[in-house]
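One structure below.
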Amino acid sequence: MISTTAIASSEAKPVSPVPSGTTSTSEASGSPPTSGPDTLKMLPTRPYTRVSNEEKTKDYREMRTKNNQACREWRQKRKKMDSQKDERILQLTAKVLELEQRIAYLNGKLEVMDKK
């Protein structure tokens, strides 16, 4: 009986990705490699300008000031809308009471007319 490990080890040959003496396709075509340690070096870079802390602080203060102003305006608007809503509720409540009184009055008149 033949050992399978002996056959497997005799058939296994290391395969190199690029045969020696030839160049890979990416190097031959002139395109940058898609992986490897040199990839980061070949990527285009953007110019980097450092922003001073004073400018950051100034921008942050302006942003906070605008946000605070917007919040203040929203609270005032909301307060006004709430007061208008409360006023409208009071008007409608008064109207309902008036209609209930009128209904009670008319019901009373009908009862008096029925008794006659």
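Quick reminder: no glycine exception, Cβ is built from N, Cα and C everywhere.
These features come from TrEMBL:
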type     : residues : note
REGION   : 1-84     : region 'Disordered'
COMPBIAS : 14-37    : compositional bias 'Low complexity'
COMPBIAS : 52-65    : compositional bias 'Basic and acidic residues'
DOMAIN   : 57-106   : domain 'BZIP'
Taken over the domain 'BZIP' (57-106), the model's mean pLDDT: 96
Secondary structure composition of the compositional bias 'Basic and acidic residues' (52-65) [DSSP: H/G/I, E/B, coil]: 13 helix, 0 strand, 1 coil
